[in-house]
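Feature annotations, courtesy of TrEMBL:
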REPEAT    93-114  repeat 'ANK'
REPEAT    192-224  repeat 'ANK'
DOMAIN    258-344  domain 'PH'
COILED    492-526  coiled coil
COILED    939-969  coiled coil
Amino acid sequence: MRSLVGAEESLRTFRLLEGVEKPFRSGDIEAVDKCFDNYEKEISEECTRTPSSSIRAFDLFSPLILAVQCASVSIVEHILHKNIFDVNHKDDYGNTALHLAVYMCRFDVIKMLLLNANINDTILNNNRKQAYELSTTPEIYNYMIAERARFIEKTEEKFSQLIFLKKFEELKKMLEIPRVSALLDLNKIDKNGSTFLHEAVKGNDMETLQILIDHGADPSKKDKNGRTPSDIAKDDLIKRKLLVSSSDSIVVTFPGDPIFMSGYMDKWTNYKSGYKKRWFVLRNDDADTECRGSINMRTARINYGSGDKRAFEILCCDSVKYSVKVTNPSEARKWVWALTNSIQWAKDENVTIIDDISKFSPKERGKAPLKESGLYRPQYLPCNDLDDDESSETCDPGESCKDNFLITMNSFRIQLDILSQIFDDILTSLNFIPEKALSLKMESSVESFNQSIDSLRGSLRNLDQIFLDAEKYWKRMINKEKRMRILWEENMHKLASEQEEIERNLQNVENERRRAKKALREAKRKLNFTPKIIRSSSDGVRSENDLETHDSFLDLRSSQSFQNSDIENNYLDDNDSSSSPDEFFDITNSIETKIDKILTLDSSSEKISQKKSLKEMQIELSYHGYEDPLRLKLDLIDDRPKLSLWGMCILKSMIGKDITKITLPVSFNEATSLLQRVAEDMEYIDLVDISLTLPESYDRMLYVAAFAISEYSSTINRVAKPFNPLLGETFEYCRPDKGYRFIVEQVSHHPPISAAHAESLNWEYWGESRVSSKFYGRSFDINPLGTWFLRLHNDSGLDELYTWKKVTTSVIGIITGCPTVDNFGEMLIKNHSVGDVCTIDFKKRGWRGDGACEIKGIITDSKGISRWSIGGHWNDKIYAKRMNGISVTSDTAILLWQNHERPPAPFNLTPFAITLNALPEKLKPWLPPTDTRLRPDQRAMENGDYEFAAKEKERLENKQRAARKERELKGQTYVPRWFEKSINKITGDEQWLFNGEYWKLREILGSNNEKSNADSWGVTDIF
């Protein structure tokens, strides 16, 4: 009858597994609950009509154990939440849910189980392994050890409080908790140097003393001063209790479990050396894999009591004898007791194994399931006997793909086990009915079925092994790729350093060659050149000594030219294919003359200076607050922490990505904003004023082009990153001495766009700073996308509209730590009103450094006739020579522009850039609360307070994110305050037009001495 019941339960379990398989995977909690409820209902009904002794325990297929192996995390969490199943329940192989979760590397499940108040992670399975010992990844192992350490710390703290409060009943209950009793070391010496027993003795607390001794506290344990509890006891009753307990103390273990004990004992070696201290460990292990020096307790004997009470002997079956000695008789009795009981336990366990195996007939013993011995793991849970390489290449927690595979595999194994169990139960039940003897054909079918099940199990093991082998292979490949990538990075860094060194050496050689060639050419000039008489614009005659030299490079009347056909011919004779523009424009060292004859000034320029329009008066109102002199230097020493972008691995992972998304430490910033970088384009706006004095449109184009090129001069050595503007941040800048005002606003954050507008009496300049950027490993590339517009107001009443787009800026040499700025690409400047075009080629730096900073350009008029040739270097000087429509004429050359001197300054700022962030007291009342000068992190950076700057930078960024989320929740869209997006009717390009309200509101609020706040300006509080 028992076998029939077993068959019925196996069928019920099979139906349960079939019912929960899909809900387990899909996470259908209601369907899972329904299946479990039906199963429990069947069990309850069975219990009412069948004696409980004939119902087998719900072992292998406990709901929690089943869910850990086959269900999703949400199902496991739900079952734990219900708290109706024993979280420490063992299956037939002694494994708890925690054992299985650890083996399957289900990290989320492990965390949930360890958070359960009833969990006991010290339970041993039939292989005498705790759950953490099955871990195959360092992450899981370290996590479980750390959780155990936290539990012990909390338990010890609570235990000490209960002792102090003398809550004896709670103490007893606490020590009865299996996990507490297993992990709480009652003999541990605390930070004060004493044990719990010492503290109880000090307080003369007999009841606590008794509880501690009953639960295994060692009366012979010494404190940090070498005293036992009896040594410090003052009460005679307590002292006698301790002495009695010391002689009767035993090693406490779980009932039925093997005894564990460890400690130092003196072992006899030989007559020469005598006794030597050795560490002994008494524990259960596999006798077949014993190491050297191990003693099998099953065949050992103990000899104690002859003479010295501190010594005893351990005799082995192979006539080996170990003579050991401890410090006191009490310690010796402990060891003797533990060894004696371990010998008895080993012998009893051996008899149990033999009895279990003898239950099967000789024919069946070979087929007996290994689980019946109670000492082995099931086939679906192989032993953790992996070598170091295998252990390091096992499952990785968090890999959902492998997690699903293991769940499916375990579900398949469980189904095979159930089928095999059902079949065994049916055969067993038939054996109880004599008249139902099996025929030969039936026996053959039974044998075939068994072989089929065994074959399926073998195939499953092979599939599992194939999966593990494939996983190891791919992990090895990944590790190999990682090593190759690291090697590639190191070689790339080394190669880049070597290339930089080669380029520097080649550049030095090239410079020497140029200097030698220049000296030779100069020598030839002195030998062959006879000074000529140069005609002035008034047909008068001047000698060479009458010529004037002018330092100012912006004043048209001091622009330099020369007449040097002989020199040029000499140069052309010496020229070769490798000649550089330095040699072409080296003629500036020759004879110079004014260019009044070359470019005739427009007499109407005097009229321009005489009239004072309404617009000019409006612009002058914007100069309030700019009465103080310009700031000339920063009182700051650039002592930022020296950090390597490459060494910090910040850039390695950003190769090929948009650099605007890279978050860098504040130490990589300079004390300016990107808005102020836009304002730096205004440094050489004088060139535009000069262009207005020229009568011909293609001559005006010449100086407009010089202005467009000059915008790159401030990028020299400016490799630090400016602060990214916050959405709505603004920056104004006025120059009464130059006669213009400038305003820029951050109108978009994703993508980042800054809209700018500048105006003077005779011109208007506007555009947007919008870039596409990417990091390529060796360089940052910043590609501007926005269009810039310049409108010139002529006296004739015909305005001229010029447009251009900026070229690509690149920062190279990042890997080697020697960053260099390069600008390259083609710039096309158009005069949409007349039709003139200027094409300028910014040459990319060569691998030898040749062509660095070089530019070449051609200006053509509306008829396509070439009027001017432009050349030079954007970091130094720009020259122009007239063209006759086909080639360059040889009589004149003009110095259009020369870069200002750059004295050393923090962050390599230009003198013009130093003026931008100045904040005089007179200016503060006129500024809106969104002005960059008021930004706290940038101001702290300029003051050298880098730590505060970093904190403020993070605070402002978090504030901006919070504002964006709030707008998204409310369904609002950000609208810029001072600019509006539109399409230019002439060019068709997108543009951001200034609405003109800023300067009007500034004059109103500033004149009324009203306190500047966000509400009065109609802006958002961003700082």
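Note that Cβ sites are derived from N, Cα and C of the backbone, with glycine treated the same way.
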Beyond the flanks of the repeat 'ANK' (192-224) by 6 or more, those residues with Cβ under 8 Å of it: 159-160, 163, 166, 168, 171-172, 175, 181, 186, 230, 232-235, 237-238, 241-243, 245-246, 249, 251-252, 328, 330-331
Secondary structure tally of the domain 'PH' (258-344) (DSSP, helix then strand then coil): 22 helix, 33 strand, 32 coil
Secondary structure content, the repeat 'ANK' (93-114) (per DSSP, counts of residues): 15 helix, 0 strand, 7 coil
Integer average pLDDT (0 to 100) for the repeat 'ANK' (93-114): 88
